[in-house]
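Peer 1: What Swiss-Prot shows for this protein is this:
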REGION    1-156  region 'Interaction with histone H3, CHAF1B, and HIRA'
MOTIF     31-37  motif 'Required for interaction with HIRA'
REGION    155-204  region 'Required for interaction with HIRA'
MOD_RES   SER192  phosphoserine
Amino acid sequence: MAKVQVNNVVVLDNPSPFYNPFQFEITFECIEDLSEDLEWKIIYVGSAESEEYDQVLDSVLVGPVPAGRHMFVFQADAPNAGLIPDADAVGVTVVLITCTYRGQEFIRVGYYVNNEYTETELRENPPVKPDFSKLQRNILASNPRVTRFHINWEDNTEKLEDAESSNPNLQSLLSTDALPSASKGWSTSENSLNVMLESHMDCM
């Protein structure tokens with residue numbers, strides 16, 4: 001059983017100009033004390049064509065975390081516009097929130113993001129070179145995709161090592177290489193949940 005449940009994610013300051021920071025209010029619950037930190041990341045998918053354009057906007061360690069309910073606001077700077085292909089600057093992309101424990105990702109929350117010009121003239125005649133200062137970012141907060149992964153939560157790693165040697169498939173299940181990429185990981189996963197709410201996500 002997972003020792004951490006993400007109860008709620010609220011998208012703050014949305015919509016907002018492209019260069020404004022991303023802000024998410026995250027509420028999670030631990031069923032028991034965690035001896036090590038949780039690592040949270042915000043990842044911006046620069047292009048659906050290749051994960052090489054994914055940008056980790058910020059990473060924060062939270063912990064050690066006592067049992068109970070906790071809430072924090074996770075803020076990250078906007079992506080580096082110079083690393084985004086011109087063809088992918090305007091339109092729909094994805095932002096991901098991930099959390100790992102002992103280097104193992106156990107949850108991923110993905111949101112569609114629509115970047116568009118607010119001025120009619122720019123929408124009808126967009127410049128060849130994108131003007132990011134004129135773009136507005138709108139996160140589809142009402143329709144997150146939530147993907148969960150089974151990990152080893154125990155302090156005793158010997159137990160997992162024994163299981164790996166007796167079951168060679170277990171290592172591949174827990175390997176980060178086996179996890180879906182940020183660009184493609186939650187689009188068709190049968191473990192994904194569509195959660196429909198007006199302004200926030202409530203994990204089931």
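Every residue gets a Cβ built from N, Cα and C, even glycine.
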Peer 1: Counting only residues 6+ away from its ends, which parts of the chain sit with a Cβ under 8 Å from the motif 'Required for interaction with HIRA' (31-37)?
Peer 2: 1, 3-5, 61-67, 101-102, 155
Peer 1: By DSSP, what is the split of the motif 'Required for interaction with HIRA' (31-37) into helix, strand and coil residues?
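Peer 2: Per DSSP, the residues of the motif 'Required for interaction with HIRA' (31-37) fall into 0 helix, 0 strand, 7 coil.
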